[in-house]
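Residues or ranges marked as active site, proton acceptor by Swiss-Prot: GLU114. Among the features that Swiss-Prot reports, domain 'Radical SAM core' is placed at 120-365. According to Swiss-Prot, the disulfide bond annotation covers CYS127-CYS370, on the basis of sequence analysis. Taken from Swiss-Prot, the feature S-adenosyl-L-methionine binding site covers GLY187, GLU188, SER219, SER241, LEU242, HIS243, ASN327, and the record attributes it to sequence analysis. The active site, S-methylcysteine intermediate annotation in Swiss-Prot covers CYS370 and rests on sequence analysis.
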Amino acid sequence: MNEVVIPSVLQDGSVRPPESRKQNLLDLDREGLERFFADTLGEARYRAHQVMKWIHHRYVTDFDQMTDLCKALRAKLHQHAEVLVPNVVFDKPSADGTHKWLLAMGADGKNAIETVYIPDKGRGTLCVSSQVGCGLNCTFCSTATQGFNRNLTTAEIIGQVWVAARHLGNVPHQQRRLTNVVMMGMGEPLMNFDNVVRAMSVMRDDLGYGLASKRVTLSTSGLVPMIDRLSTESDVSLAVSLHAANDTLRESLVPLNKKYPIAELMESCARYLRGSKKRDSVTFEYTLMKGINDQPEHARQLARLMRQFDNAVQSKDAGKVNLIPFNPFPGTRYERSGETEIRAFQKILLDAQVLTMVRRTRGDDIDAACGQLKGQVMDRTRRQAEFRRTLEGQADRDAAA
């Protein structure tokens, strides 16, 4: 008689697919792991802390290698739990030190996302995805061309950090190569709220990756109600994909603006800052596209918007601007603004006393630059076909070996 596999319930209440009845411990933050150890295993909560450090500090996924656990506890863990990390389909370094991973997600490996590590002077930033694809249809973003497939689980989000940290040899309390995480990869993080917040909790936990709240940044296209909810549940840094300072232009670039126009978005950002003394600024991302949003009048509109935001929060430099040169991708109608236009745009903002940075383009030789992440191909069908070919190639190589 065939064994009936009962789906398990994830921490956010969603049902795990029936391929496994074991609890993936990567799906749990400290609180969830403590509860699992107490309620399911009948073990002391401190045991959860030991396992959490094995997973996130030492990158150990085999319970038998967790040598400070007794044999009986390891047996219970084998019976009720597992640690499933994303499968690395391939990883690709850039000439400038940027590194991109293509990670297969789920038991069948049919979905995949891209994760990018960007080193810089004194810091190393990991750009993490929250969804397979994206449904917001921002016209200048490569990810939008493939449509939306599904949300990532907590395990699949924090698993990206696990893969990168293991590759980098990143160990808390020693020299760090991974110092910052930005939720700026594929997908809209606030549309996968519970899983993203839980994963960010592990990133900031000393038993996890020990990052300060200000070193974890969530970037959103502007889901106003979820920004308000985030204000009550997390103290991470907030970044907003703005890209235009007037509603008419922004609606053509970011369709979500039709539902949450700029005035409502800026009010929610002000509420976010006022919600905690730990928050002192919001970063507004502005992708510069030739002849679209890079003219002097656009810069003056943005400067006025930033001054209004500072006044609303009653704090100087509450709004910071990050100018991003557009990164082209196949099929786009947009072009990158010239260096002269970029510097002229920045000068108008600086002259208006708006704190403004120009993001250095990194990883564009491996399609890892901002706006280029899309699972390597233009749509889901072709993307999944590529995964199958890649995985079949891996199987052939393994068989030959």
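Even glycines carry a Cβ here, placed using N, Cα and C.
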Pairwise CA distance, CYS127 (disulfide bond) versus ASN327 (S-adenosyl-L-methionine binding site), rounded so that it is a whole Å: 16
Three-state secondary structure, which DSSP defines for HIS243 (S-adenosyl-L-methionine binding site): coil
Between GLY187 (S-adenosyl-L-methionine binding site) and the residue listed as 'active site, proton acceptor', the C-alpha gap once rounded to whole angstrom: 11
Cβ-Cβ neighbours of SER219 (S-adenosyl-L-methionine binding site) (radius 10 Å): 22
Length of the line joining the Cα atoms of SER219 (S-adenosyl-L-methionine binding site) and GLU114 (active site, proton acceptor), in Å: 16
Sequence-distant neighbours of HIS243 (S-adenosyl-L-methionine binding site) in its chain (C-beta under 8 A, six or more apart): CYS138, PHE140, ARG250, LEU253, VAL254, GLU285, TYR286, THR287, ASN293
Spatial separation of GLU114 (active site, proton acceptor) from ASN327 (S-adenosyl-L-methionine binding site) - C-alpha basis, Å: 16
Chain-internal residues, separated by at least six, CB under 8 A from SER241 (S-adenosyl-L-methionine binding site): CYS138, SER219, THR220, SER221, GLY222, VAL254, GLU285, THR287
For SER219 (S-adenosyl-L-methionine binding site), the three-state class that DSSP assigns: strand
DSSP three-state assignment for the residue listed as 'active site, proton acceptor': strand
C-alpha spacing of the residue listed as 'active site, proton acceptor' relative to LEU242 (S-adenosyl-L-methionine binding site), in angstrom: 23
